[in-house]
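Undergrad: When I checked TrEMBL for this same protein, it listed these features:
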{"type": "TRANSMEM", "residues": "125-145", "note": "transmembrane segment"}
{"type": "TRANSMEM", "residues": "157-177", "note": "transmembrane segment"}
{"type": "BINDING", "residues": "H175", "note": "Zn(2+) binding site"}
{"type": "TRANSMEM", "residues": "189-212", "note": "transmembrane segment"}
{"type": "TRANSMEM", "residues": "224-246", "note": "transmembrane segment"}
Amino acid sequence: MSGTVRGSWDSAVSMAGPCCPGGGQTRCSGNSRAGRGKQPWHRLATRIPGHVGTLSWRRGATVHHRPSQPSSEMLSLKLPRLFSIDQVPQVFHEQGILFGYRHPQSSATACVLSLFQMTNETLNIWTHLLPFWFFVWRFVTALYITDIQNDSYSWPLFVYMGTSCVYPLVSSCAHTFSSMSKNARHICYFLDYGAVNLFSLGSAIAYSAYSLPDVMVCTTFHDYYVPLAVMNTILSTGLSCYSRFLEIQKPGLCKMLRILAFAYPYTWDSLPIFYRLFLLPGEGVQNEAILNHQKHMAMTLLASFFYSAHLPERLAPGRFDYIVRIELRSAGPAEVNFGKM
């Protein structure tokens, strides 16, 4: 019996490994050499995979494990640390924004967690993400009540509504994951620029179908309006993406090219609207869609001014780190989207 107990003790210690400061053969339960045959239970601190800090009891060849309680540190999520402008590479800098930057090599998980943390991108992300769900709801509702297969007149509207859903979703994802690396930042904003221009093309398709004045219908302008809008979308996306490579060396040229890349397609797409607003003023009395177009134009001009002038953060650096990054251009589609064309 004593030999059996001795063999069980030695095998248990060899399985447990060095569990105490004394080494591999140290007994964590104290001096039990003399009591091997008297006490059949021997308490050993063993390392069991998946159970941190568990204890096991060995009697003969039977092992009983008592699982430990989950650590509070394992259950808590730690929000990512934020940095100031002098702690991140220059490619991540924003004029007038001094704090609230995320780690320039954040993981995807850290980027998602930053949605629930006040960074200099949080409001910008949510002001795109929430409209996305609203537009999706309106899109699905319109699909449900429309016989889209037999109603070809509604097709341009659904194209426009689809691009209205894609644009805020891609933009929110771009701003969410743009802090993973320098290359990821460029790629994210390339997709963002493409989504913006895709929305511009969707607007042109809807304008061509529903908003063209009668004097422009079945004219040369009408024939080339959408094809030129497609070409403008391609050129604008390429030009805006190219401008990112000039951000550090030539920031002034970068800003000018980017504004031009968005201003030219908007001007071309809005020519039918400009004609109705300024050359047919009496039409607005009988057409409530004119009011939506006026709001859209006002929001677009306001957003363009603040975007190009970097106001108000340029006048008070550090005072608007968390609220001024909201891009007002998202308010433009929200004003006119799904309205009467």
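Here the Cβ of each residue, glycine as well, is placed from N, Cα and C on the backbone.
TrEMBL entries are annotated by machine, without manual review.
I'd like to know what surrounds each of these features in this structure.
TA: Long-range neighbours of H175 (Zn(2+) binding site) (same chain, six or more residues apart, CB within less than 8 Å of its CB): E121, N124, I125, H128, C188, D192.
Remote same-chain partners of the transmembrane segment (189-212), defined as residues 6 or more beyond its termini with a Cβ less than 8 Å from a stretch Cβ, comprise 153, 156-157, 159-164, 166-167, 169-171, 173-175, 178, 222, 225-226, 229-230, 232-233, 236-237, 240-241, 244, 261-262, 265-266, 268-270, 272-273, 276, 289, 293, 329, 333, 341.
Packing against the transmembrane segment (224-246) from elsewhere in the chain are residues 186, 189-190, 193-194, 197-198, 200-201, 204-205, 208, 212, 253-255, 257-258, 260-262, 264-265, 268-269, 271-272: each is 6 or more residues past its ends and has a CB under 8 Å from a CB in it.
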